[in-house]
Ligand SMILES: O=C(O)C1=C[C@@H](OP(=O)(O)O)[C@@H](O)[C@H](O)C1
Ligand SMILES: C=C(OP(=O)(O)O)C(=O)O
């Protein structure tokens, strides 16, 4: 079956800020329409950027400013980490006073490496000492120059600075330390290049020249993190799921999740324009995997790991504690409620497979906890979610699509059990 996966959040929000920075009109085809991207789009509108949407939302058209914004404003980031990390650098290249705010969930997430870097580059920032937001940026352009950026808590600080760099007065050279989620930086650089930026990479140094962005039309790929739930569902139900539009040459590191499923016994085919996962007779465990580069998908694996034939250890994911929830703790808590044994360290979790009992999953307003445990629910009876609607952050239609593709709970046959 073919899954209908909406557009990539990360590509949509990068394309929005790049198009807003560019001269001319850019059209984004198949953008993600969800809480995170609508918040981002509305933030740009509040900054004076014209964004028009086709009646069916199949495309968004952005008339760029060709520079940073002027005139100040109030920016509501909602729950979107990308809005809080990509938009302060953009406004700092302009003029005026900008106040950023967001939900309590977003306020609890780190921002200080970015605000320190912006201060070094000439922005005046006033922040609440107890929380990341609200934050005021008094902008009068950014100098560029040299900068060291600790990037161990999130890669989004670096992405935000890089995307603003062509609007700075002089070239920006960033020395990056402890980078997590590296594929997102590759995505940032690739999309900047699509919009005409000149970037250079040498070891841990990244340089960007000041040069105007050019408007570009862009087709947004389906979201690879979202696709992970459907691939995992195929892997635990001996079914075949294809995601058209996601293939070799994808900009998204999270497509690498299918390699983890391959390790777990699934058959995987990736062609130029689609990816297919076919579930094997049993989910294979007994491996240890570093998911630091693809940490949004670690919960997808952890949630199906109780069904495996041996323990699975996932490591390299300390930064996943700083997202919509402390994701290592939230996964361990929910697996514990289901009667599954886990062992947790600062940057890792081991899941010991075993039978599950019914439980109500505590989503912690984290869309990925809700989506990952819904996949386990296809096999484990009696799983309910305390907040099913939190999936709207990245995929409002998630539950409808999962039940369209997997309409009945999966019951393993005797044959299936014999393979285990
Ligand atoms: O740049 C991006 O679009 C993202 C980067 C990742 O965050 P970190 O760099 O904080 O791991 C990822 O978790 C998030 O969903 C999207
Ligand atoms: C971490 C996430 O989102 P963000 O950082 O963009 O809020 C996510 O979507 O899993």
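Using the three backbone atoms N, Cα and C, a Cβ is placed for every residue, glycine included.
TrEMBL lists 9, 10, 14, 154, 155, 156, 181, 323 as 3-phosphoshikimate-binding residues, and of the candidates 128, 296, 347 the one it assigns to that same site is 296. Cβ contacts within 10 Å of residue 393 (phosphoenolpyruvate binding site), excluding its own Cβ and spanning all protein chains shown: 24. Separating the Cα atoms of residue 155 (3-phosphoshikimate binding site) and residue 327 (phosphoenolpyruvate binding site) is a whole-number distance of 17 Å. Cβ neighbour count for residue 109 (phosphoenolpyruvate binding site) (all protein chains, 10 Å cutoff from its Cβ): 20.
Among the residues the record lists as binding phosphoenolpyruvate, namely 9, 81, 109, 156, 327, 368, 393, the two farthest apart have Cα atoms separated by 19 Å. Within the set of recorded positions 14, 109, 155, 181, 296, 327, 296 have a CB atom less than 6 Å from some atom of ligand 2.
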